[in-house]
Ligand SMILES: [Ca+2]
Ligand SMILES: [Ca+2]
Ligand SMILES: [Ca+2]
């Protein structure tokens, strides 16, 4: 008879523990090389330029801004019905948040949960019609506000030439 002895079982247990650890918090070394723009968000001009200046010339035109917003909107509309449900809206946001955490080697924490909660709250704000359907037209209305707010010299381009006032609170923007 050949039954496994205690030392084999111990080795096996150790191997299982090790492999469990391998999937843990050490996966933090992802490089972001093939991501020209960081869509993770944040506030202010730097974040805006980082997210929307597709051709990297230091200026965001309205066409660049709209192109990326449309891309994001369409990607978020996973069932393709032309509008975002709350679940689709939050899932899109969570995808970007996850990537941001992954890129910076952070594990989901209390702030993460809070951000997700805020995304739900934000849906209630951006979905002006309160019909549970966030449409591209509603997104464009927000885009108008965001863009003209940042384009403070009014030349139709957002760049460092636009003097920015401090803005700690910019709820409703993503
Ligand atoms: Ca540009
Ligand atoms: Ca949809
Ligand atoms: Ca400008």
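Just so it is clear, glycine is given a Cβ too, placed from its N, Cα and C backbone atoms.
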Region 'Disordered' range according to TrEMBL, out of 119-146, 147-174: 147-174
Whole-number mean of pLDDT values that fall within the domain 'EF-hand' (46-65): 95
Within the domain 'EF-hand' (46-65), residues counted as helix, strand or coil by DSSP: 11 helix, 3 strand, 6 coil
